[in-house]
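Everything below concerns the one structure shown next.
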Ligand SMILES: NC(=O)C1=CN([C@@H]2O[C@H](COP(=O)(O)OP(=O)(O)OC[C@H]3O[C@@H](n4cnc5c(N)ncnc54)[C@H](OP(=O)(O)O)[C@@H]3O)[C@@H](O)[C@H]2O)[C@@H](O)CC1
Ligand SMILES: Nc1ncnc2c1ncn2[C@@H]1O[C@H](COP(=O)(O)OP(=O)(O)O)[C@@H](O)[C@H]1O
Ligand SMILES: [Mg+2]
């Protein structure tokens, strides 16, 4: 396996500067579906990260109990609520997003599983699938065939194992992940240290990031960032590459100030601007 390293050179091939005549209506609308009682923070983090990564509009779809939490913590994000108080049971919306991220904090209630199945059957919008949405897929593997080609999935090692089964070596992990990517035509963001992106036989290895990212919610933030880039019309593979690179870069930039221990997922969001600036510096 000869990975393509995701470094500044590689990023400059796909990075799209902002057009000075753009406006929020054409800068992309991202929909983030997530959260459940006790995990509304995951929806807050992913939707705020989406806005801070540059899309024009962000809507969060959450259970009712998260309404005030989300509106107060991030007033720039619009909110749609499910009929249920504590978990998502019926995904419906009247907006037209260019990308949807689903899964952070969503839980695995039976009703959430059923509405996720319906959602997969009907949606045509480019998707990022993470966290509990991946765990639901692991329990219902026949639903994987509903995923459109180039859907992005973002498993951490345990979520990957639930999807593809155990491996005995790093080589076998890559073999199985590449086979899975080919079988379902998926872009797989294999989160870790470092993170790899698998797109069929193409393997990319990220060069940014450090152990400060080993903190609750850092994956939820990544989901928002990649969904935002998809909504801004990046090709799925480029949204994954740029998202993973910027996400890691925030931790490299923040480290001298925060150290490893005190860095939290909100620090990723706070440093997205500096990460963007360093691409063009
Ligand atoms: N503020 C909020 O609202 C937050 C909400 N969140 C939401 O919570 C939900 C559950 O997500 P989750 O990832 O915590 O649980 P789960 O899938 O059981 O995985 C945990 C196990 O996986 C493993 N593992 C993980 N990383 C690994 C690594 N790099 N390398 C190796 N192993 C690794 C490790 O397993 P072990 O090694 O212990 O066997 C670990 O115990 C989900 O919806 C998420 O979005 C969270 O984002 C937190 C903030
Ligand atoms: N030691 C590390 N070095 C670099 N990146 C890391 C390290 N530990 C975790 N990360 C990154 O942090 C993120 C963790 O995602 P995830 O486990 O889904 O977190 P959460 O579910 O809490 O949001 C991934 O992007 C992963 O690559
Ligand atoms: Mg996660």
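Cβ atoms here come from the backbone N, Cα and C positions, even for glycine.
Going through 165, 219 against TrEMBL, the one listed in the AMP site together with 191, 192, 193, 194, 195 turns out to be 219. Proximity to ligand 1 at the level of Cβ atoms, with a cut-off under 6 angstroms, picks out 42 from the binding-site residues 42, 193, 194, 195. Among the binding-site residues 42, 105, 193, 219, the residues whose Cβ sits under 6 Å from any atom of ligand 2 are 193, 219. Comparing residue 42 ((6S)-NADPHX binding site) with residue 193 (AMP binding site), their Cα atoms are 21 Å apart once rounded.
A gap of 5 Å separates the Cα atoms of residue 191 (AMP binding site) and residue 156 ((6S)-NADPHX binding site).
Taking the mean position of the Cβ atoms of 42, 105, 156, 220 as the (6S)-NADPHX site, the remaining residues of that chain whose Cβ falls within 8 Å of it are 34, 39, 45, 46, 103, 104, 130, 131, 132, 217, 219, 223. When the alpha carbons of residue 195 (AMP binding site) and residue 220 ((6S)-NADPHX binding site) are compared, the span between them is 15 angstrom.
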